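If you scroll down you'll find the structure; I have some questions about it.
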Amino acid sequence: MTNIQAFMKNFLGASPEWYKLAIVVFLIINPIVFFFISPFIAGWLLVAEFIFTLAMALKCYPLQPGGLLAIEAIIIGMTNAKHVKAEIMANFEVILLLIFMVAGIFFMKQLLLYVFTKLLVKIRSKIALSIAFCFSAAFLSAFLDALTVVAVIISVAMGFYGVYHKVASGNNLIDAVDISDDRKIIEQQHEILEKFRAFLRSLMMHAGVGTALGGVMTVVGEPQNLIIAEQAKWNFMEFFLRMAPVTIPVFICGLLTCFLVEKFKLFGYGEKLPDEVWKILSDLDRTNSEKMSKQDKIKLGMQALIAIWLIVGLAFHLAAVGLIGLSIIIFATSFTGVTDEHTIGKAFQESLPFTALLVVFFSVVAVIIDQKLFSPIIHFVLSAEENTQLALFYLFNGLLSSISDNVFVATVYINEAKAALTNGVIAPHQFELLSVAINTGTNLPSVATPNGQAAFLFLLTSSISPLIRLSYGRMVYMALPYTIVLSIIGLLAIEFILPAATIWLASLGLILPI
């Protein structure tokens with residue numbers, strides 16, 4: 001092995017050779033285009049390359065390739081470190097949210113696991129269970145991080161799948177076996193196992209879409225919501241009310257879609273929990289409930305009280321979102337007996353890689369601003385009539401968010417809209433409506449692909465996906481009815497409900513114009 005071969009083996013680790021080569025080519029081309037052709041073209045090239053790294057997140061986590069491209073952009077002068085720092089400081093609350101709120105919810109997983117386990121065992125109707133999962137995921141995602149909600153549901157599904165797989169393989173529950181190996185499955189259990197997989201697939205997808213339905217509603221539902229709220233100067237309640245003319249109709253239609261796909265068994269939905277599996281899981285739940293000590297019950301009670309504090313703290317904006325998250329960490333660890341530094345450290349593992357990636361986003365945003373990359377698009381949109389502007393912003397956001405990361409897309413568009421407001425191109429009232437269009441456009445159509453929704457990508461890359469045969473293509477197919485309904489209802493609400501509803505809410509004094 002030559003030195004160059006050894007270097008390329010190390011470079012970006014286990015990523016495919018073609019992917020490594022593509023990143024190297026990007027790094028070589030960008031300075032040439034910037035210095036000898038056009039900084040504007042080089043800027044767009046960087047944005048396209050960065051979107052490519054996000055779309056290829058399954059090949060390599062975007063932090064490394066995206067970070068290399070961003071560092072090179074700063075070195076060659078597309079932007080500067082001072083501007084990157086300014087972008088980071090302008091969005092510091094989002095960084096606090098990702099660091100502390102996600103970690104805080106980690107210590108409340110026991111309560112969430114308990115709730116979803118009870119739902120699965122107690123509700124026998126598949127339609128009712130699907131709606132309950134979708135609604136619960138939506139409600140939780142309005143206050144908690146969507147990744148955490150999905151992580152909890154994955155934990156429940158993994159636990160139940162593991163239990164049934166062991167029984168179907170003829171093993172005891174305490175046996176350590178490979179649940180990805182189907183070779184020992186008893187012949188008559190094969191069909192039941194396939195039905196159970198289809199059942200779990202549908203539940204996971206309903207819950208995933210639920211996180212999008214709830215996440216769009218509040219400041220803390222998604223990281224990009226807080227970025228938009230910061231620019232528009234909206235607190236928790238005002239953000240909720242501003243979004244409500246769009247998010248409430250979409251939420252109702254989302255639950256209706258959940259009902260219809262289950263009722264008529266469309267797009268891979270409708271499979272019920274086999275009775276044999278339910279009996280095994282029900283017996284296990286009963287055994288676990290009987291084993292629960294008084295100490296365990298007190299832990300659940302404390303976590304429920306902390307959840308109430310979380311909702312009250314956010315609703316009345318008692319502190320910055322990230323600081324409320326820090327208080328959750330302190331309360332949850334203090335009252336459930338978690339005092340070991342290494343155990344506490346595990347809570348931060350989920351959020352810190354994405355927090356680092358977010359800082360790279362801001363570097364690319366700085367390039368977009370310095371090179372005025374979005375000026376032609378924004379000029380085109382803002383030259384349209386005011387009502388058409390809302391639909392165009394919604395559609396452009398939705399299209400880009402379905403293939404790229406929605407935090408990145410929302411940051412770019414809200415910055416451009418704020419610049420238009422500052423320069424007197426649009427009126428304050430129009431900026432407020434555009435902010436709603438950007439938020440809903442970023443959050444709703446992005447359920448189309450795993451690239452658009454972090455929760456979907458997390459589900460796709462989790463260990464449960466291969467077990468229940470949930471591939472990228474199948475996920476896109478199962479999300480299709482939701483994509484169509486959420487996108488169209490969102491667009492219609494933006495066009496026909498939002499302007500009049502905003503004026504009505506302002507007349508009641510529920511929202512305050514800028």
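Note that Cβ sites are derived from N, Cα and C of the backbone, with glycine treated the same way.
Note that the coordinates shown come from a computational prediction; the quantities given were computed from them, not determined experimentally.
Swiss-Prot lists 21-41, 43-63, 88-108, 143-163, 203-223, 239-259, 304-324, 349-369, 390-410, 448-468, 484-504 with the feature transmembrane segment.
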Which listed stretch (21-41, 143-163, 203-223, 349-369, 484-504) has the most C-beta pairs under 8 A with the transmembrane segment (448-468)?
143-163
Please tell me whether the transmembrane segment (239-259) and the transmembrane segment (484-504) touch - that is, whether there are at least 3 C-beta pairs under 8 Å between them, with each pair 6 or more apart in sequence.
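The answer is yes, given that the two segments have at least 3 Cβ pairs within the 8 Å cut-off.
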Do the transmembrane segment (88-108) and the transmembrane segment (21-41) come together with 3 or more C-beta pairs under 8 Å, pairs six or more apart in sequence?
no
Please give the sequence-distant neighbours of the transmembrane segment (390-410): residues at least 6 beyond its ends with Cβ less than 8 Å from one of its Cβ atoms.
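Sequence-distant neighbours of the transmembrane segment (390-410): 50-51, 54-55, 62, 222-224, 227-228, 358, 361, 364-365, 377, 381, 384, 417, 433-434, 437-446, 448-449, 451-454, 483, 487, 490-491, 494-495, 498-499.
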Does the transmembrane segment (43-63) come near the transmembrane segment (349-369), with 3+ Cβ pairs under 8 Å (pairs 6 or more apart)?
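These two stretches do touch.
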Determine which recorded stretch among 21-41, 143-163, 304-324, 484-504 has the most C-beta pairs below 8 angstroms with the transmembrane segment (349-369).
143-163
Given a Cβ distance threshold of under 8 angstroms, which distant residues of the chain, six or more beyond its ends, lie next to the transmembrane segment (21-41)?
11-12, 49, 52-53, 65, 68-69, 72-73, 76-78, 371-373
